[in-house]
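**Student:** As annotated by TrEMBL, domain 'ABC transmembrane type-2' applies to B:33-269. Annotation source TrEMBL lists transmembrane segment at B:35-54, B:66-90, B:111-137, B:149-174, B:186-209, B:248-270.
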Ligand SMILES: Nc1ncnc2c1ncn2[C@@H]1O[C@H](COP(=O)(O)OP(=O)(O)OP(=O)(O)O)[C@@H](O)[C@H]1O
Ligand SMILES: [Mg+2]
């Protein structure tokens, strides 16, 4: 079953075309990551899906509803973590999460949610006193407290320390295991690789590649680089058959100094994808 | 396969609205800027003005301080309605509060119920504070009879409603909370001068009286004087009477105009943001 279906989505701000014909199909229960450089159109796309922005053209269906005609019942089924928020500065973490829970028909236990995002120690603190990463974790808490079927996260882990990021990943995996559909944008390739079933790379308002993190941009079938050192110095060969090459070079088992066989990392693939789109 | 959870009914609009009201009040009274500049400022001005001018009005036994107390009570509830919403809603718009609510199953009506709770409670508290200061320092007495209490109630209601709606309207013209502070305080302070709050109406030039008479401030202040001062003081008003009928008409008229302006500007800004 599809959670999100998008066809020919376009959005212009006056003369600037921010989204230039995007098609998407996101299945229920999937974790879908959107990557792309600054200004690529990620936030614009996601906020159109959330019903926060209008579109110039194209068709959009989110949980069977056009977000431009969102109802309260539909809103109760989705969770949103915006790219930035500075609201509720004078309230405490616990007050805010508890209050937000009252908006929803079947919310999660606020205390459990605060625990899940690792803010238990800060539950009594005013929001204006939180650090950047803690504030971000609160935003995540507010995104999930309504127990959404579909969760949007726009750069959720900006400002997280490495440990908080790992905790967040575990949280996303738990939600996904419960059947929550998750759409997240990120600049962190390791995050996309760790979480996403599917990745789309957007550049200049268009999707330039899509696939699983392992196969993105033909990564799994890309040529491998074999490097080693011989008496002429460092050598490096790009090949489709690295195993045969190593076998041949080593003459049946001789050690090759500093031998490495590498394929492009997700980051290499990503950089060449967005480089080519520019 | 059914993937739609049975979630039960959405919480009622009133339930959500009252929950918002509680949160609005917490935020208002914890926000130092608001408490100092919106809530306490009229009381401070009252103490200063009342202490500077200590004469009594001839043949009435009423002191300047008593008159300032009544007029400042009017200025006070305009602060807790007009300034409060003008600045508060602009802040909600720029800090993402409104966007967050729009992304949640919260109808706009619940947001407004929350604001109504805020304005009603803050304005009542403001009125109590100013009357308490007046009673403690300047011989202010509570309304002397049922008729005067009635005047106090309807002037309070019409005044807060009209000024709330105008506050909501003006919030749409502010880029952020700081600019909202400027564009609300400018007309507010200006009108306090030409509306007989800081300076008695009888000493103002005619053109100032005419400007003041167009806006709610003068009528709220005059209505409160009618409720809190003896009738002998009516002679000090430019018309020589309390003009309660005109007060009701002008304030009622501003409620209607304010509602229309507020609906139009809210619709326009909601569209512009997306
Ligand atoms: N409200 C707006 N008005 C005008 N232009 C806008 C608006 N919002 C975004 N844009 C422009 O649209 C383009 C896409 O912006 P968007 O915020 O969608 O990018 P993004 O991929 O989310 O970038 P980032 O990684 O920096 O968050 C940018 O060129 C941006 O300047
Ligand atoms: Mg963005």
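Glycine is no exception: its Cβ is also placed from the backbone N, Cα and C atoms.
Those TrEMBL annotations? Automatic predictions, nothing curated.
Are these features on the surface or tucked inside, and what are their neighbours?
**Tutor:** Same-chain neighbours of the transmembrane segment (B:66-90): 24, 28, 34, 37-39, 41-43, 45-46, 49-50, 53, 57, 115, 118-119, 122-123, 125-127, 129-131, 133-134, 138-140, 155-156, 159-161, 163-164, 166-168, 170-171, 174-177, 179-181, 183-185, 188, 192, 196-197, 200, 216-217, 220-225, 227-229, 233, 236, counting only residues six or more beyond its ends whose CB sits under 8 Å from a CB of the stretch.
Residues 45, 49, 67, 71-72, 74-75, 78-79, 82-83, 215, 217-218, 221-222, 236-238 of the same chain lie 6+ residues outside the transmembrane segment (B:186-209) yet bring a C-beta within less than 8 angstroms of a C-beta in it.
For the transmembrane segment (B:248-270), the list of distant contacts is 93, 154-155, 158-159, 161-166, 168-169, 172-173, 213, 215-216, 219-220, 223: same-chain residues at least six beyond its ends, Cβ to Cβ under 8 Å.
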**Student:** Please give the sequence-distant neighbours of the transmembrane segment (B:35-54): residues at least 6 beyond its ends with Cβ less than 8 Å from one of its Cβ atoms.
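**Tutor:** Long-range Cβ neighbours of the transmembrane segment (B:35-54): 28-29, 63-65, 68-69, 72, 75-76, 79-80, 83-84, 87, 122, 125-126, 129-130, 133-134, 137-138, 181, 198.
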